[in-house]
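To start, the structure itself, in structure tokens.
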């Protein structure tokens, strides 16, 4: 254990210094976590070399993040408010697929590359987008609710995407597992539709936890992680289960203390997750292929912004809100790295393609905050906001 104390201490110190710097620049702290991972990773100082272990621990942060979002979000209680996210995500996915087909025709790519590019354009980072929404006061605004519901749909889409890569990799997929994943997706949709903004039943014994901090911590952990395990068992992603758990808990007054209790754990584990993203960025590869990598990154961010803006305009949002949503959804997310990892492990894509996916995702996460600020400044000048 002692050999981990020095690296962890230095990691916390580097993150602290970067946070102070980014606070002066009025930038979100998530960039500090990625930069710390780059600086302390195997390609710079070599202080951390086992990226997989840190990534696995950091995934707890994603679960807690989705749990908190579930507690905070208001589920629409009218069909008119449920349809926009469904239509929006469908349009965005279709535009991404058409763009991937066009790129494939120009570059003579095969079908696995087409699907992977579609995935990179379709999936965004829940952690980054939710943080930007919260910082800009848009979490409860119509555009914020629509964006969050689209992110939830992306999480539900993850299971079919990973199953598709398994089929492309010529691995057998059990029919029961596929059916359970479909059934689980339908069940979560029906549950969200059923509870909406209602207050659920209250359990009398939960009142005993009001003054017991230890019980509060472990009850919260059991609820968050337990729902994630159940979702994973039926073929869905763990964050979907945590999100559903947060929705239920957010409508039970007896758990009013839970958000305050788990908040420090969420901050720490989310930081570790994005540190793991920084650890995977190969600076030597980036230096050798910087022109290709930056070109792909800008193409991904520009096309993502454009497709998202057009999608929100089709949903009858004003142009300034549509461009704002486009900037928020410009990056490719953590699920893009997961899909690329699965495709690489099954031999569907080559190692250079996998490295490009990881570096492009990391750069888009880093640049998304700057991109959002630039678009916001342009909107203030153009629309006199």
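Heads up, the Cβ atoms here are built off N, Cα and C, so glycines get one too.
Features of the protein shown, as given by TrEMBL:
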- 14-377: domain 'Cation/H+ exchanger transmembrane' (DOMAIN)
- 6-22: transmembrane segment (TRANSMEM)
- 29-48: transmembrane segment (TRANSMEM)
- 54-71: transmembrane segment (TRANSMEM)
- 83-107: transmembrane segment (TRANSMEM)
- 113-134: transmembrane segment (TRANSMEM)
- 146-168: transmembrane segment (TRANSMEM)
- 174-195: transmembrane segment (TRANSMEM)
- 215-234: transmembrane segment (TRANSMEM)
- 265-285: transmembrane segment (TRANSMEM)
- 291-315: transmembrane segment (TRANSMEM)
- 327-347: transmembrane segment (TRANSMEM)
- 353-379: transmembrane segment (TRANSMEM)
Contacting positions for the transmembrane segment (83-107) when only residues 6+ beyond its ends and CB under 8 Å are counted:
113-115, 117-118, 121-122, 146, 149-150, 152-154, 157, 303, 307-308, 310-312, 314-315, 329
With the greatest number of Cβ pairs under 8 Å to the transmembrane segment (215-234), the stretch among 6-22, 54-71, 113-134 is 54-71
Between 6-22, 29-48, 54-71, 113-134, 265-285, who has the most Cβ pairs under 8 Å to the transmembrane segment (327-347)?
113-134
Kindly say whether the transmembrane segment (29-48) and the transmembrane segment (291-315) touch, using the definition of 3 or more Cβ pairs under 8 Å where each pair is 6 or more positions apart.
no
Cβ-Cβ under 8 Å with the transmembrane segment (291-315): same-chain residues at least 6 beyond its ends
84, 87-88, 91-92, 95-96, 99, 120-121, 124, 143, 146, 285, 321-323, 325-332, 356, 359-360, 363-364, 367-368, 371, 375
